[in-house]
Amino acid sequence: MDSHTVSSFQVDCFLWHVRKQVADQDLGDAPFLDRLRRDQKSLKGRGSTLGLNIETATCVGKQIVERILKEESDEAFKMTMASALASRYLTDMTIEEMSRDWFMLMPKQKVAGPLCVRMDQAIMDKNIILKANFSVIFDRLENLTLLRAFTEEGAIVGEISPLPSLPGHTNEDVKNAIGVLIGGLEWNDNTVRVSETLQRFAWRSSNETGGPPFTPTQKRKMAGTIRSEV
C-alpha cells in the first residue's frame, strides 16, 4: 500500500475531526455541514477500501499535523496561507463554449450527489475530451462551475453542472460525477480523456492516456450504473 495514500487518509481523518468540533459548536453554515456529512461517507468508504480504522487514523493524522505545525515558522506559515488561500479561477472553456446551446439525440440525465450529469447516448466511436471551468484553493478543485464533453469536431456531447437546489459540493463529488460521465460515454466505445488542468487539480495525477486514474473495475461499475438507468 502506498504510504502517501495512508498518510493522506490519516490527515483527512484528523481534519474531518476538527471540522466536526466546529460543527458541534454551531459555527458551521449549511454548505459546511453538507460537506461534513459527505466527507464522512467518503472517509468511511476509503477506510474500508484501505482496511484502516478511522479512529486510529485520526490519532496518527493529529500527530502528523502537529509535527508539521511545530516545524513550520510563523513567517513561513503566513506566506503559505497567503498564497494557498487565494482562490483561483481556471478556465478550459471559452465563454462561447460555456454558453453554447447543445442538443441530444438520445438524452440521458442522472443526479450524482449535488451535481447533474447529462449526456447524449447516441454518440459512438468518438474521441472525447472533458473540459471544465472551476475554482481552486489549496491546489485542489474547490468549486465546479461547469464541465462539458467535446468531440474532436467541437460538438458538445455531455455536461456536468451543480444543482441549484443542493448548494455546495466537494472534490470527491466532482470526481464521482466525472466517473459517471466517463462510464456512460465509454460504454458506447468512445475514447475519453480529461484536460490536463482538470487532471492536475481534481486528481493530482493522471495516466499516460490522459484519463483519470480509474481502475478497470471502477470503469465497469460506472458504465453499468448508466446502462441500468436507460
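Along the chain as shown, the residues are counted starting at 1.
Glycine is no exception: its Cβ is also placed from the backbone N, Cα and C atoms.
As stated in Swiss-Prot, the feature motif 'Nuclear localization signal' covers range 34-38 out of the listed 4-8, 34-38, 214-218, 224-228. Outside the motif 'Nuclear localization signal' (34-38), and at least 6 residues removed from its termini, the chain residues within Cβ reach (under 8 Å) are 16, 19-20, 23, 28, 113-114, 166-170, 172-173. Under DSSP, residues within the motif 'Nuclear export signal' (137-146) fall into helix, strand and coil as 0 helix, 8 strand, 2 coil. Along the region 'PABPN1-binding' (223-230), the predicted structure has mean pLDDT 42. Within the region 'RNA-binding and homodimerization' (1-73), the DSSP-based counts of helix, strand and coil residues read 61 helix, 0 strand, 12 coil.
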